[in-house]
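*Asks:* Got these off TrEMBL a minute ago, pasting:
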ACT_SITE  271  active site
ACT_SITE  289  active site
ACT_SITE  290  active site
BINDING   274, 288, 329  substrate binding site
DOMAIN    85-222  domain 'PARG helical'
DOMAIN    240-489  domain 'PARG catalytic Macro'
């Protein structure tokens, strides 16, 4: 174990000790966890106050300073478990759930050792050979995958609950907070119901996994756009590549109601992310990303080893199980009970839930219309929406020697009479005739107002940017949830008109560049849709009747 590069990269961020060929807990930690695992009659831990004292003792045994925790952590634990939780719920928590979590922690060293042994035997992830999957620090600009069992994730999140992760070097490595001290301290410092209900989601998750240990896997992948192509990296498109693209725009479906996570078919589900994966999930945040982390708590594990994203990066998580129902958003967020995730699993034991974290420009104002920032946003979305298995295809699509539309049409006609010419057929398909392509899968995109709302982006522009990225990534469709946003009332009308006129990615990109140039020069003040529609024939039926 001591010579493992993957383990060595993450060891300083783990609470366990490594010596020779083994991982273990210090003896005092083992004693304390054994007492906790036998229930309150042995540990005397039967209240929030006493629980925090037990946590402090565990941290001291690991030589972690009590001063490192958020100031009001003790008060937060006391408030939640002694005042906000009913007596019946508290009895179940301290009598059944807490002992099971302690038992899980006792088994953590063995779980980690088993994880690294199994990682050596996994050679293929998502159709890609030769990938390393062991738990490690997935640094910025290093494309790679970490594959964790749900059982191991449960033990790691138990460490977060007991605040056992060392955090003295996390800031220097651009890592988020991972312990739950701020989550509980925020509850006390500025009580509100949404914070209480965030904690309810986490507590419910622990109740579920302690009653029935999940048996699946979850993968976390850092995706990177790179100019020089190597294994696992995606091409980094230039502005000229977008301008010349002849890829057809994919199908676009507008949903004025509903939620991304409730989409029934298999799709990449957008996480409107902070560049720090998880955003304010473990502090006071409670918008789209943070809510997703509460109802799918296994996402939190990624915060342990995924430093912040650069402009050319995205994070994809496959297999995170959903455990909670909820209503509301931000201050109105409420936990509404259990959710049974019925998603199918793939051959690797991952649920077919694909969550893609892409961070948009924050409060971009007028600079979002500048060419370099348009390019930043479309490349960010393309990175998230792309499939690394198709990296070689994307390389072809971004070559400078594209066929013209007429040449593509003529080529496809000739191929119909010569179906044996497979290499030519593949080339034409990959050049972007979506209507003619035979897709290997039907995994599209489920998204919405990315980079808008709290991030302050232009919703019309962001919708078009995501459409471009999904199409260039060869996704068969994009389902767009407007969440009733008034600025997108005409989205369905505009996308239907564009589709009816068979615009390519390059056509839409060039139109957006022209609009943004005018907007940045104060030559127009209207939104993209209003700017676009006057350029169209007034008697066009797609304008008069969507």
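Using N, Cα and C of the backbone, Cβ positions are placed for all residues, glycine too.
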*Asks:* When DSSP states are grouped into helix, strand and coil, how many residues of the domain 'PARG helical' (85-222) land in each?
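*Replies:* Its residues fall into 77 helix, 16 strand, 45 coil.
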*Asks:* Mind computing the max CA-CA distance among 274, 288, 329, which the record assigns to substrate binding, rounded to whole Å?
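*Replies:* Looking at 274, 288, 329 as a set, their Cα atoms extend up to 17 Å apart.
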*Asks:* In whole Å, how far is residue 289 (active site) from residue 274 (substrate binding site) when you measure between their Cα atoms?
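*Replies:* On Cα coordinates alone, these residues lie 8 Å apart.
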*Asks:* Roughly how many angstrom lie between the C-alpha atoms of residue 329 (substrate binding site) and residue 290 (active site)?
*Replies:* 10
*Asks:* Provide, as an integer number of angstrom, the distance between the C-alpha atoms of residue 271 (active site) and residue 288 (substrate binding site).
*Replies:* 7
*Asks:* Using all protein chains in view, find how many other C-beta atoms are within 10 Å of the C-beta of residue 271 (active site).
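*Replies:* Result for residue 271 (active site): 29 other Cβ atoms within 10 Å.
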*Asks:* Taking 10 A as the limit, how many CB atoms besides its own sit near the CB of residue 290 (active site)?
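*Replies:* Other Cβ atoms found within 10 Å: 21.
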*Asks:* Let me know how many other Cβ atoms fall within 10 Å of the Cβ of residue 288 (substrate binding site).
*Replies:* 24
*Asks:* What residues, ordered by sequence, lie under 8 A Cβ-to-Cβ from residue 289 (active site) and sit at least six positions away in the same chain?
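*Replies:* Residue 289 (active site) has long-range Cβ partners 271, 272, 273, 274, 278, 279, 281, 357.
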